[in-house]
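Quick notes on the structure that follows.
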Ligand SMILES: NC(=O)C1=CN([C@@H]2O[C@H](COP(=O)(O)OP(=O)(O)OC[C@H]3O[C@@H](n4cnc5c(N)ncnc54)[C@H](O)[C@@H]3O)[C@@H](O)[C@H]2O)[C@@H](O)CC1
Ligand SMILES: Nc1ncnc2c1ncn2[C@@H]1O[C@H](COP(=O)(O)OP(=O)(O)O)[C@@H](O)[C@H]1O
Ligand SMILES: [K+]
């Protein structure tokens, strides 16, 4: 699914109106209908609904929603800035329609504190949408501050008021803090970054029937990884195949005390479809690896840490988990990196070693996949002001070095040398535990060995890893989720794609 700027969304809306020969009011009605259905689905037992409307089209959505919910027997109360009714056209039409309904009370923002709002009531923010272009101040600002203190179920229409949709919002802005954001047709960048996403709560995207023809022709370099993309990437296994057809994955990982990282990466590679798996690890891990992952072949790479890397034939390598940064390992890893020609997966301590020896970056084979978490990224490429800027820096580095950068986060980004950004929306905070990244390295190496392109291996692998995490969290809880549980769910994810 493409990710668009607010400017592009507006353009798509306008062109949809043109080619479908509808009035813009129809789109607002579609948006309100979709909102109404979602609210009925999620909160049908909720009694009172307090809707706060601005003067723009976001406010218009709020007025139209109020009318529709009223006809569904909800007790609706409307709030707007009665001292400054300066509506855009469609908001005005919907406001006037609403005034005809006697049972809906229309109140000024300043009256909010006169009402008793209960924790089971709905507070709906239709103040500002993607048209916000400055800080919320004055009466609206005071209102948002009051709403943020109220204990109720808080829903933002399209985007929490106060957030810019395409860029970082300054720290001093007043922003509505939603439990859920119900947004129209597209994800917005603001939902995907930690600084801004924290205001959005759960995200629900509603189809309001914008023209697919127009959406397809509108260019974007930013994408959400969705099921359609994954199904287009997934390669079905040929019945007449043998282990030679699915590549030789080589996991280079582990040191004394960190053999677990090698085990996790190895097991994840085994579960992700590779034909043969080799693990290069120090001798101290031999017994552990052979007993915990007997399908993999052990290659001795040293005594207590890796000092020597000898690859089997046709190796596709993932290097880094639990290697440690012993001087001998550092030398060995640098020497290894210098001499590779095929794309690699590079993670964890291999990234830390590169950070200390940045000149090696230029020797890394083109289209290798680097998987830094935010700290590792910082060590590699420097500090940025915020996570939006981090994406920009990663884009620059991916292009310069011809590498795929997987920026690991709640919404991990896959950044390509061609300057595309793919945002992942699977995964959950249960995965925020030591060892989850090792599992990802195993998955990515396995997919790369099966001849997925680097870009597709990264997109597919990151999505699969997160989806496995979601399946695992469904079963138990985020608190008790372990990286091994991710590995156990990889099979279920493949089944999900095949079905
Ligand atoms: N364009 C369309 O056809 C549709 C738009 N929809 C809704 O329309 C919204 C966008 O509507 P608008 O473009 O009217 O934008 P908004 O409703 O976000 O309102 C923006 C208006 O407020 C002003 N403004 C911006 N920031 C302000 C601030 N901090 N303080 C005071 N005034 C401020 C702007 O100058 C503009 O007039 C979407 O988010 C969505 O909710 C939906 O109804 C679907 C259809
Ligand atoms: N809150 C979260 N939501 C979604 N995914 C997460 C979250 N926290 C961590 N993850 C995922 O778990 C993995 C953690 O990787 P990393 O930090 O390298 O862990 P480790 O150091 O244990 O290998 C990444 O793929 C990351 O995207
Ligand atoms: K809003």
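For all residues, glycine too, the Cβ spot is worked out from N, Cα and C.
These numbers come from a predicted model, not from an experiment.
Among the candidates 430, 434, 435, 437, the residue that TrEMBL names alongside 408, 409, 410, 411, 412 for the AMP site is 437.
Going through 24, 37, 161 against TrEMBL, the one listed in the K(+) site together with 58, 125 turns out to be 161. Considering only the binding-site residues 58, 130, 373, residue 437 (AMP binding site) has 373 as its nearest partner by CA-CA distance.
Listed in sequence order, the binding-site residues near residue 158 ((6S)-NADPHX binding site) (C-alpha within 10 Å of its C-alpha) are 58, 125, out of 58, 125, 408, 409, 411. Cα proximity to residue 57 ((6S)-NADPHX binding site) (within 10 Å) is found for none of the binding-site residues 125, 409, 412.
If you draw a 10 Å sphere around the CB of residue 60 ((6S)-NADPHX binding site), it holds 29 other CB atoms from the protein chains shown.
Annotated pair residue 133 ((6S)-NADPHX binding site) and residue 411 (AMP binding site), C-alpha to C-alpha distance, rounded: 25 Å. Secondary structure from DSSP puts residue 410 (AMP binding site) in coil.
The Cβ of residue 411 (AMP binding site) lies under 8 Å from the Cβ of 192, 193, 197, 423, 424, 425, each of which sits 6+ residues away along the same chain.
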